[in-house]
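These come from Swiss-Prot:
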type: TOPO_DOM; residues: 25-507; note: topological domain 'Extracellular'
type: DISULFID; residues: CYS38-CYS110; note: disulfide bond
type: CARBOHYD; residues: ASN92; note: N-linked glycosylation site
type: DISULFID; residues: CYS154-CYS217; note: disulfide bond
type: DISULFID; residues: CYS263-CYS306; note: disulfide bond
type: DOMAIN; residues: 340-399; note: domain 'Ig-like C2-type 2'
type: CARBOHYD; residues: ASN350; note: N-linked glycosylation site
type: DOMAIN; residues: 406-484; note: domain 'Ig-like C2-type 3'
type: DISULFID; residues: CYS426-CYS470; note: disulfide bond
type: CARBOHYD; residues: ASN441; note: N-linked glycosylation site
type: CARBOHYD; residues: ASN465; note: N-linked glycosylation site
type: TRANSMEM; residues: 508-528; note: transmembrane segment
type: TOPO_DOM; residues: 529-564; note: topological domain 'Cytoplasmic'
type: REGION; residues: 539-564; note: region 'Disordered'
type: COMPBIAS; residues: 541-564; note: compositional bias 'Basic and acidic residues'
Amino acid sequence: MHSVICLFGAFIAAALFAPGSCLPTVIGLYGETIEVPCNNGNNKPDGLIFTKWKYAKDDGSPGDLLIKQAQKDDPTVSAMDGYKTRVSIAANSSLLIAQGSLTDQRVFTCMVVSSTNLEEFSVEVKVHKKPSAPVIKNKVKELENGKLTQLGECVVESANPAADLIWMKNNQALVDDGKTIIITSDVTKDPVTGLSSTSSRLQYTARKEDVASQFTCVAKHVTGPNQVSTPDTFQIRYPTEKVSLQVVSQSPIREGDDVTLKCQADGNPPPTSFNFNIKGKKVTVTDKDVYTLTGVTRADSGVYKCSLLDNDVMESTQIVTVSFLDASLTPTGKVLKKLGENLVVSLEKNASSEVKVTWTKDNRKLDKLPDFSQLRYSDAGLYVCDVSIEGIKHSFSFELTVEGGPRITGLTKHRSNDGKHKVLTCEAEGSPKPEVQWSVNGTDDETSYVNGKATYKLTVVPSKNLTVSCLVTNKLGFDTKDISVFSLFEEDKPKPGKNEDGADQAKVIVGVVVGLFLAAALVGLIYWLYIKKTRQGSWKTGEKETGTSEESKKLEENNHKADV
């Protein structure tokens, strides 16, 4: 029956039972108060007389600790050894052990006596102690590439149970393979406290890649969480296999810049002195790895090298290119030309690489420079030429002014939207901007001037038919043009609501009709004269006139029209 109870208890309370034991287990912490429960608090039966705690001594014999009478508040401590000042009882009858130590790892029994029964409940106590933080000691000063060397010893102290140590490289666990990695661990116990210390020694075969590797030691313990030592890096010694030359100056290199050449070798410790080959000339530098060219010119472009002091064959080469850009533009500044003249624009350039040229006119980008073989007013403006290569840019500009005497290109009229005014529009070309003079008074509506083209508008109220002149002038000449303007009042009488253009159109139609009548009369007269002459010829010869009655009738009608 006892074995069945143990098996059942193992299933329902596995977390509290020690492996291989049927007793519930309590985990206490070293140096702190350990609470040992009495039947998990179910210890107050009816008719309770007293509760007693006892323990199993090292030799297996029982030892009394204390007794608590049900009718009394304070317990009676019966222990005579080290527990005398360390034990007490809680309100729920749990045993309290102050300043827990490894000597408390034993079995404690709670005896509950009532008027009808006597029960005992045993609990096994285990004491855990978190280890000290891991520390790597006896560290090697440097590791040699490819050689098995003891890197260091990791130590943790004062733990229970003993801690496990794991070596890590770059947060990856190292595994003992018996060749390139060998790990040896030892555990020792303090004879007084019984606490354990663990040490682990790592022998490691380094590689060049381990120069930046970080080695740590991790302590794993049941009290958790894991503790990690301070990361350590180690110097790895290996010979130089490759030399590299770098140009550390900003790119691109321009004339006037300072250029720094830096020579590096992959050996460790790295070499500190080098030979620099400056366009065929050897220059030795000691205790540094750089050489500086000051104020370079395009002549400094070429091949540069560096090598070890004791091995000229192991070298590195770099090509240095000094960028330059020479450019000039003709013309520049202010350029004054006449309308229709020719302007030749010349851009000269010389550079270390392909040149990019962009043109803008009045801040607007141009696909290409316009054709200036015959200048127009619209060609005037501020032209900017940007010439550039990577890292270098030059800008040139010229401001072109195209001048010409004024010329009127159009003079028109129309009635205003409200029908109460006449609006005259005079359009002219010229530069400088022409000034306008009208032969009649009116209101200047608006004036615009764009690309040598000027537009002037005048609003008038003609009370009679007028001939209006538009005169435009500038310092280079003048031009004038006339236009007929009819009175608004006369136009309103015959055809109210019609505009002046409609009146003019009616006059044209009347003229055309009259012209057609006159042409018809003229044709009839000519035809009549022709018939008359023909008849006279017939009378002279005595020949009878031939023709149908319809033709005769048509001739008489035409003659009649001609007489009219």
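From the backbone N, Cα and C atoms, a Cβ is placed for every residue, glycine too.
Overlay of Swiss-Prot feature records on the structure.
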{"residue": "CYS38", "record": "disulfide bond", "Cβ within 10 Å": "26"}
{"residue": "ASN92", "record": "N-linked glycosylation site", "Cβ within 10 Å": "14"}
{"residue": "CYS110", "record": "disulfide bond", "Cβ within 10 Å": "23"}
{"residue": "CYS154", "record": "disulfide bond", "Cβ within 10 Å": "26"}
{"residue": "CYS263", "record": "disulfide bond", "Cβ within 10 Å": "26"}
{"residue": "CYS306", "record": "disulfide bond", "Cβ within 10 Å": "28"}
{"residue": "CYS426", "record": "disulfide bond", "Cβ within 10 Å": "25"}
{"residue": "ASN441", "record": "N-linked glycosylation site", "Cβ within 10 Å": "8"}
{"residue": "ASN465", "record": "N-linked glycosylation site", "Cβ within 10 Å": "11"}
{"residue": "CYS470", "record": "disulfide bond", "Cβ within 10 Å": "23"}
Euclidean distance between Cα atoms of CYS38 (disulfide bond) and ASN441 (N-linked glycosylation site), Å:
124
Where CYS38 (disulfide bond) and ASN92 (N-linked glycosylation site) are concerned, what is their Cα separation in Å, rounded?
8
With DSSP as the yardstick, break the domain 'Ig-like C2-type 2' (340-399) down into helix, strand and coil residue counts.
3 helix, 32 strand, 25 coil
Among the recorded positions listed here, CYS217, ASN350, whose Cβ has the fewest other Cβ atoms inside 10 Å?
ASN350
Integer Cα-Cα distance in angstrom, CYS154 (disulfide bond) to CYS110 (disulfide bond):
44
Could you round the CA separation between CYS110 (disulfide bond) and ASN92 (N-linked glycosylation site) to a whole angstrom and send it over?
12
Using DSSP, tally how many residues of the domain 'Ig-like C2-type 3' (406-484) sit in helix, strand and coil.
0 helix, 57 strand, 22 coil
Where ASN350 (N-linked glycosylation site) and CYS263 (disulfide bond) are concerned, what is their Cα separation in Å, rounded?
33
For CYS306 (disulfide bond) and CYS426 (disulfide bond), determine the Cα separation and express it in whole Å.
80
